[in-house]
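Notes for the one structure printed next.
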């Protein structure tokens with residue numbers, strides 16, 4: 001319910017305006033506090049810790065930024081992941097989030113406030129949620145008025161779909177990107193309303209910040225052209241529209257191309273073509289209006305028939321038509337579930353009336369119960385109360401303190417970011433999942449027998465293998481045996497000797513005595529159930545199992561130097577000297 | 001058809017007469033826009049001759065020309081006395097905005113030129 005604007009009576013209006021302004025500012029302050037505090041449940045319930053998987057990668061990047069200069073960041077080649085391939089981080093990461101947190105960390109530390117990088121990373125999302133609610137107020141005020149603005153800001157502070165991606169600890173791109181999104185739209189509307197080139201410049205710079213922060217920037221560069229097109233089609237063309245859109249396209253494209261991860265995609269990929277198309281359409285329309293203002297109506301009709309004839313001829317030239325048709329992509333077709341959160345600000349602004357008690361209760365309970373689990377710490381409720389399983393951090397800490405710095409750790413890709421960030425060890429595959437063949441290599445190692453797996457891991461210089469096992473505690477989220485079908489499928493997709501049918505008994509994966517021989521002999525099964533059902537490992541030494549058996553770490557046994565009494569050459573020889581001696585210089589392909 | 005040619009001639013005459021009546025300051029901006037666009041066309045033609053490498057320099061050059069043209073058109077819109085939407089805008093403010101936006105544009109260009 002939007003409150004009506006202050007009455008236009010001049011006498012009492014001045015004082016009322018001032019009081020209204022002060023109240024508004026105070027309300028905004030409270031909304032900011034609300035947005036911040038509703039996201040702190042996980043810090044209160046657990047501790048100040050970074051959640052899930054992707055945030056650990058962002059945390060590692062921010063750590064790097066805090067220790068090195070910006071040029072080293074742009075040129076950073078990370079050799080501690082995707083071993084032995086490495087990853088070009090400078091060119092494949094959206095730098096907005098780590099740069100933002102890194103700048104704030106640097107600024108606060110220069111004031112001699114000793115906040116750690118981790119603390120700052122945990123609280124970046126709540127801080128920027130506060131900022132997001134304030135710019136929502138600004139945007140809605142531009143559209144409707146201060147009353148609606150306050151309402152929209154409150155709703156945005158509390159809406160669960162936004163909270164889910166911006167709780168304290170959820171250090172991911174959306175934390176700053178949603179703020180950048182709303183801010184860019186606010187500046188666009190402001191430019192449209194005022195026609196000021198100054199706001200147009202600010203709009204382009206805000207768009208630049210959005211491009212730096214999130215791949216969802218393509219949403220802006222498609223929605224704004226659609227709005228411009230709508231304005232033109234409904235006859236609302238004005239010169240302010242030109243000032244709002246044309247500089248944004250040129251400056252925005254250039255600024256987007258400046259960000260390394262986008263680069264030339266800013267002009268070459270289909271997601272941006274809508275903006276160029278509407279840019280051209282806008283210029284044609286502007287020219288038409290200009291000519292209309294210059295000549296008499298009759299001559300204007302003549303001009304238009306001429307233009308339309310030329311246009312139709314061009315359209316029917318085959319070559320031009322094919323290039324035109326193949327480039328028409330108005331709507332961005334890639335919608336992930338997470339993108340629902342992009343609609344959250346719009347929903348908040350539109351539903352200015354929904355502030356009922358039920359809604360408030362729903363938001364707070366959703367924030368407290370459903371979206372505040374850090375997932376690195378698992379909890380369960382028993383009759384005694386809360387019980388936490390901190391096995392993941394136990395395992396990473398063990399790795400950190402009991403292995404050499406250059407030791408390589410192999411695990412399924414889910415744990416890559418966390419291992420790299422918390423255990424500080426080189427990993428083979430991580431959540432970036434950019435190389436399917438490399439993931440498949442790990443997959444077939446997990447699916448093969450111990451000897452074959454040893455060969456594969458040895459070729460990758462792996463020292464330790466990490467598996468997640470939920471059989472002891474009934475781990476609800478999904479351990480590696482739960483993910484095993486994917487290891488088989490992905491591995492089998494690249495290396496055909498792994499066939500999923502070998503692991504299935506009557507169409508099901510069985511891990512009890514009825515499992516298929518291939519299943520019972522494979523590495524993942526053996527490593528998960530070692531000493532659970534009294535199997536022993538030949539090539540792998542169990543070195544660590546966490547308190548609740550959730551994470552199990554195995555060390556690759558080194559090759560034997562000598563094999564006594566063997567004269568025949570062996571195919572899978574564990575001794576390189578004997579194979580080279582016996583088989584007369586046959587080169588082991590993995591060396 | 002004779003009627004079409006006379007119409008076309010009338011149209012061109014009318015256009016040139018109306019354009020001649022525009023104030024000088026706007027005509028100067030128009031010359032500037034034309035110059036910027038001509039530079040862009042020359043760059044595109046050159047790219048057609050020698051190829052697109054280095055692509056960032058080509059993009060930077062062409063977009064700087066198009067950018068200055070667009071900004072000059074924005075200035076023209078704001079400075080045009082016939083435009084009723086901007087009659088309250090002081091000309092100095094319009095020019096200052098124009099300079100600021102150009103500075104940002106050229107900073108970006110120089111960064112991207114390589």
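Note that Cβ sites are derived from N, Cα and C of the backbone, with glycine treated the same way.
Fair warning: this is a prediction, and the values are worked out from it, not measured in the lab.
Taken from TrEMBL as is:
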TRANSMEM  A:21-44  transmembrane segment
DOMAIN    A:23-315  domain 'Oligosaccharyl transferase STT3 N-terminal'
TRANSMEM  A:88-108  transmembrane segment
TRANSMEM  A:120-139  transmembrane segment
TRANSMEM  A:145-163  transmembrane segment
TRANSMEM  A:175-200  transmembrane segment
TRANSMEM  A:206-230  transmembrane segment
TRANSMEM  A:242-267  transmembrane segment
TRANSMEM  A:273-291  transmembrane segment
TRANSMEM  A:298-317  transmembrane segment
DOMAIN    A:406-465  domain 'STT3/PglB/AglB core'
COMPBIAS  A:562-573  compositional bias 'Basic residues'
REGION    A:562-591  region 'Disordered'
* At an 8 Å Cβ cut-off, counting only pairs 6 or more apart in sequence, do the transmembrane segment (A:145-163) and the transmembrane segment (A:242-267) clear the bar of 3 or more pairs? -> no
* Cβ pairs under 8 Å between the transmembrane segment (A:206-230) and the transmembrane segment (A:88-108), at least three -> yes
* Report, as numbers and ranges, every residue of the chain located at least six residues beyond the transmembrane segment (A:21-44) whose Cβ falls under 8 Å of a Cβ in that stretch; write 'none' if there are none. => 51, 122, 125-127, 129-130, 132-134, 137, 146, 150, 153-154, 156-158, 163, 166-169, 363-364, 367-368, 372-374
* Mind checking how the domain 'STT3/PglB/AglB core' (A:406-465) divides into helix, strand and coil residues in DSSP? -> 33 helix, 10 strand, 17 coil
* Express the predicted model's confidence over the domain 'Oligosaccharyl transferase STT3 N-terminal' (A:23-315) as a mean pLDDT, rounded to an integer. => 91
